[in-house]
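J.: Got a structure for you, questions after.
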Amino acid sequence: MAQRFKGRSLFLTALLCLASQGYAVGLGDMLERASQLSDKLHSLSTSLTNDLDTHFPPMGKILMPRPSMCHTASLQTPHDKDQALRVPESELLSIARALLLSWNDPLLLLASEAPTLSHPQNGAIYSKTRELQDQSNSLSSGLDRLIHKIGSSSKALSPLPLQGGDLGSDKNSRLINFYFLLSCFRRDSHKIDNFLKLLRCRAAKQDRC
């Protein structure tokens, strides 16, 4: 599955690159391809969460921090579709980009911690975390090109850093914090996917988005 995701990601990224090389790639096409990348990113994070669930202790979810503790929780984002529809296109794109870039270092941390997790599928988990990085980088490049085409927002947001550089000193803490960090990413990747699909719909000037 990783090879399939990687092949499609490279193909979609190559298509997004056409716009920066002088080829006539319309905004709708660029948003379509960015939406496909974001959909794959969220699907991959869901698959990774399911892998962790197979051997995750029930007590772990009780001890896990609340979603409000995610490092991106303070980033102001639309709460629902109606609110997102009132946000200008350039600003909504800036929000999606800030969310995505906030995960550069956390995804690197997840990939570095995955091989030593106390989990029987840590090899597969490691492969998927690396694939998350590749997908995220591909989408980031696509969003940069979209911002260049649409124009930057006057309310451009900055990425939020992750505080702390490790997941804990004992195996249980590391597994719980790994799961928590992944759950935060899954939530944010869902937001990014929704925002990009909404932008795609608005670019197509559909009556109902």
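Cβ atoms are placed via backbone N, Cα and C, with glycine included.
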J.: Choose one of Cys184, Cys201: the cysteine that Swiss-Prot connects to Cys70 by a disulfide bond.
T.: Cys184
J.: Which one is it, Cys17, Cys201, that Swiss-Prot ties to Cys209 with a disulfide?
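T.: Of the listed candidates, Swiss-Prot names Cys201 as the partner.
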J.: Across all the protein chains here, work out how many other Cβ atoms are within 10 Å of the Cβ of Cys70 (disulfide bond).
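T.: I count 21 other Cβ atoms within 10 Å of it.
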J.: Whole-number answer please: how many Å between the C-alpha atoms of Cys209 (disulfide bond) and Cys184 (disulfide bond)?
T.: 26
J.: I need the least crowded one of these disulfide-bonded residues (Cys184, Cys209), counting other C-beta atoms within 10 angstroms of each C-beta.
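T.: Taking Cys184, Cys209 as the disulfide-bonded residues, the minimal 10 Å Cβ count falls on Cys209.
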